[in-house]
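Please read the structure below before turning to the comments.
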Amino acid sequence: MDNRPIGFLDSGVGGLTVVRELMRQLPHEEVIYIGDSARAPYGPRPAEQIRAYTWQLVNFLLTKDVKMIVIACNTATAVVWEEVKEKLDIPVLGVILPGASAAIKSTASGRIGVIGTPMTVSSDIYRQKIEALSPEMQVESLACPKFVPLVESNELHSSLTKKVVYETLQPLAGRVDTLVLGCTHYPLLRPIIQNRMGPDVKLIDSGAECVRDISVLLNYFEINRSREKQELNHQFYTTANAKSFSEIAESWLRLKVNVEHVSL
């Protein structure tokens, strides 16, 4: 048993999609979350900058004595997950490999689409992971640079967002039977994405898939939190406006959250 919290980091609010799934599957675990909304999106930034920012978030979580870190950001996972995993003595998970594995299991045609930030797509990491596991798969990747700013602005249901999503996803329409949401912000746009792609296209939420791996590692290292009834003290931090962050967090998680502003 280990009653310390699990640390989550993201470029902004996107990682909350992973936290929501964790709270559904592992409701007894405690969460500390840091979202770097002041510097979002990470996707267009150079790799060295993403690496530096991610390490700042990692080091912040380490000051909170977390027992595990989840890099709940595809861009940061693509750039620096391997490095962080090797340097820390606690488990560190990323969100890409779980999403790649789930896509392979889902597809019937072998035609998989991946949408993500410019950095995630240019890294080609999803195609590499998918083809390493199943070489016969055909992967089409598409950068969606406008999606994260829309989510960070809480423009989840506007006519502008629908227009942007429909136009951006045009190149993949009718070409794949499985679509990996290769950015943890994207599930917040899931209804619009599903409508654009059609009901027969299976959407893979890479962050939600990651929670299954979290559960496996908690069991493997015997660091599950005690299941005895006790009050959880979830903590949420943002580098941007705490009120804006809490509005999105409370809507998505369906619970009252206290959000603190931090400067890194």
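Counting begins at 1 with the first residue displayed.
Any Cβ shown, glycine's included, is placed from N, Cα and C.
Listed features, source Swiss-Prot:
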ACT_SITE  CYS73  active site, proton donor/acceptor
ACT_SITE  CYS183  active site, proton donor/acceptor
BINDING   ASP10, SER11, TYR42, GLY43, ASN74, THR75, THR184, HIS185  substrate binding site
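Counting only residues at least six positions away in the same chain, the Cβ atoms of LEU16, TYR33, ILE34, GLY35, ASP36, ALA72, CYS73, ALA76, THR184 sit under 8 Å from the Cβ of ASP10 (substrate binding site). A strand conformation is recorded for ASP10 (substrate binding site) in the three-state DSSP classification.
Rounded to a whole number, the C-alpha distance linking TYR42 (substrate binding site) with CYS183 (active site, proton donor/acceptor) is 11 angstrom. Less than 8 angstroms from the CB of CYS183 (active site, proton donor/acceptor) sit GLY14, GLY43, CYS73, ASN74, THR75, ILE115, GLY116, THR117, THR120, CYS144, PHE147, VAL148, each of them six or more residues away in the same chain. DSSP gives TYR42 (substrate binding site) a coil state; it is part of no helix or strand. Taking every pair among ASP10, SER11, TYR42, GLY43, ASN74, THR75, THR184, HIS185, the residues listed as contacting substrate, the largest Cα to Cα separation comes to 12 Å. The Cβ of SER11 (substrate binding site) has GLY35, ASP36, SER37, ARG39, ALA40, PRO41, TYR42, GLY43, TYR53, CYS73, THR75, ALA76, VAL148 as same-chain neighbours under 8 Å, each 6 or more residues away in sequence. Listed in chain order, the extra residues whose Cβ falls within 8 Å of the Cβ center of the substrate site residues ASP10, SER11, TYR42, GLY43, ASN74, THR75, THR184, HIS185 are GLY12, GLY14, GLY15, ALA40, PRO41, CYS73, ALA76, THR117, THR120, VAL148, CYS183. Long-range C-beta contacts of HIS185 (substrate binding site), restricted to its own chain and to partners at least six residues apart, with a cutoff below 8 Å, comprise GLY12, VAL13, GLY14, THR17, PHE147, VAL148, VAL151, GLU152. DSSP gives THR75 (substrate binding site) a helix state.
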